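Annotation comment: TrEMBL describes Leu9, Gly10, Leu11, Gly12, Thr13, Val14, Gly15, Cys16 as NADP(+) binding site. According to TrEMBL, the NADPH binding site annotation covers Lys105. Residues annotated as L-homoserine binding site in TrEMBL: Glu190. The feature active site, proton donor is assigned by TrEMBL to Lys205. Taken from TrEMBL, the feature domain 'ACT' applies to 355-432.
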Amino acid sequence: MKPVKIGILGLGTVGCGTVSVLARNALEISRRAGREIRIAQASARDLRKKRACPMEGIQLVQDPYEVVRNPEIEVVVELIGGYEPARELVLEAIANGKHVVTANKALIAMYGNEIFAAAQKKGVMVAFEAAVAGGIPIIKAVREGLAGNRIEWMAGIINGTCNFILTEMRDKGADFADVLKEAQRLGYAETDPTFDVEGIDAAHKLTILAAIAFGIPLKFKQAYTEGISKLTRLDVQYAEKLGYRVKLLGIARRTNGGVELRVHPTLIPERRLIANVDGAMNAVLVKGDAVGPTMFYGAGAGAEPTASAVVADLVDVVRTLTADPNNRVPHLAFQPDALVDLPILPIEEVETSYYLRLHALDKPGVLAEVTRILADLGISIESILQKEPQAGEDSVPVIILTQRVKEKNMNEAIARIEKLSSIKAKVARIRLEHLNPDWK
Ligand SMILES: NC(=O)C1=CN([C@@H]2O[C@H](COP(=O)(O)OP(=O)(O)OC[C@H]3O[C@@H](n4cnc5c(N)ncnc54)[C@H](O)[C@@H]3O)[C@@H](O)[C@H]2O)C=CC1
Ligand SMILES: N[C@@H](CC=O)C(=O)O
Ligand code: NA
């Protein structure tokens, strides 16, 4: 059989990783796909750059439109990243009848509805396993492996850069900026690393996971997004003293009122497996009604782990090239006309437990004032930890863990507490989840 000719857009970390894996495992891959997968053309900005991947037999061009317009190319692999020109290139590839494989979560989360509609109309596939949790086959697992379940919630460490930063800061006392530089050097970070540290990349991935888990359209703009840039080492240390780890979690959960879609630093009990996922590793907990809780773990970033998912998608696409488009696995797991437009809950309506750190004057009655405010707003206290005053300081840190409460009540409580004359600084707050299967 003739080889399937593919074209790659972008020869950076993942592009080069993909070229290397396809070359090294060529025989295994063609035995699986049933045909040889040959990279006929690749586009790169700098044609003269020395690359760490084998470029023999690959025609290198500068203009990516040359690849998407090349009649010989059957599958376009988009590894440029970002919104534009990736969107325009992918839509043009689809319009030209080409299948697309992409690792670009920003693109899928933001423009996936448009892209899938175009692909559906044209009868081509758009595969995006590498876009969520890198090498972990989480899209395949949720879309196909768990297809018998009503998925109730998912919670994941889905940004390798942030998990790497949090781990290095905790274990080695390393500085935030230095670890971020190291994550960039290792190829984990996005071109604009604020996407990583401000939680945007995790929100892109969570948006995709929620769509395939609940059968809803992609709703990235409605996701609540908070990163790790404002986390202090002090809070991480206090959390550890109380038996919790702080992780950047993406949480998608069905409730009676709608869907929670939120990314934020979260305290998790240290006994949970997911609390012990360190470095650039990712893990996604998925709770299905039939299967119960399941956890998927592996490398969420890096050249070859991500290439592993890109190549798996290529194999999938090649296997189903000749299949009737109506019999393929739907892009978002559910048939396009069966998607349900469930509302996404505003963060004020979301219920979680909280870690609070306040700085209170070291005098009698202060704690009573604080606990009264919490009680007035229906907030129950789980535990209180009062630290010793530091030499020369007149205020003491007080750490409070609360039971579940709506965010809007907590906002009100914090506003009232900060107005007390005995409270010396802004109240620090981190959400806390126990991650019990029944979400209690
Ligand atoms: N690095 C990682 O660990 C992971 C990355 N991804 C995603 O994979 C995609 C690629 O990421 P990386 O390889 O890390 O980025 P990168 O920055 O290393 O590579 C992108 C490459 O595309 C090239 N490029 C940009 N605009 C171009 C254009 N108009 N024409 C041709 N080439 C162009 C750049 O010069 C660069 O070499 C992104 O969507 C990213 O979010 C997904 C999972 C993991
Ligand atoms: N920047 C991302 C790369 C993989 O998706 C991350 O750090 O997880
Ligand atoms: Na994946």
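Cβ coordinates come from backbone N, Cα and C, glycine included.
Where the annotation comes from TrEMBL, it is an automatic prediction and has not been curated.
Rounded to a whole value, the Cα-Cα separation of Val14 (NADP(+) binding site) and Glu190 (L-homoserine binding site) is 11 Å. For the binding-site residues given as Gly10, Gly12, the lowest number of other CB atoms within 10 Å of the residue's CB is seen at Gly12. The residue listed as 'NADPH binding site' sits 11 Å from Glu190 (L-homoserine binding site), taking the CA atoms of both as reference points. Taking only the Cα positions, the spacing between Leu9 (NADP(+) binding site) and Glu190 (L-homoserine binding site) is 17 angstrom. The CA atom of Leu11 (NADP(+) binding site) is located 15 Å away from the CA atom of the residue listed as 'L-homoserine binding site'. Candidate binding-site residues: Leu9, Val14, Cys16. Fewest other C-beta atoms within 10 angstroms, Cys16. In the three-state DSSP scheme, Leu11 (NADP(+) binding site) is classed as coil.
Gly15 (NADP(+) binding site) is surrounded by 27 other CB atoms, counting those within 10 A of its CB over all protein chains shown.
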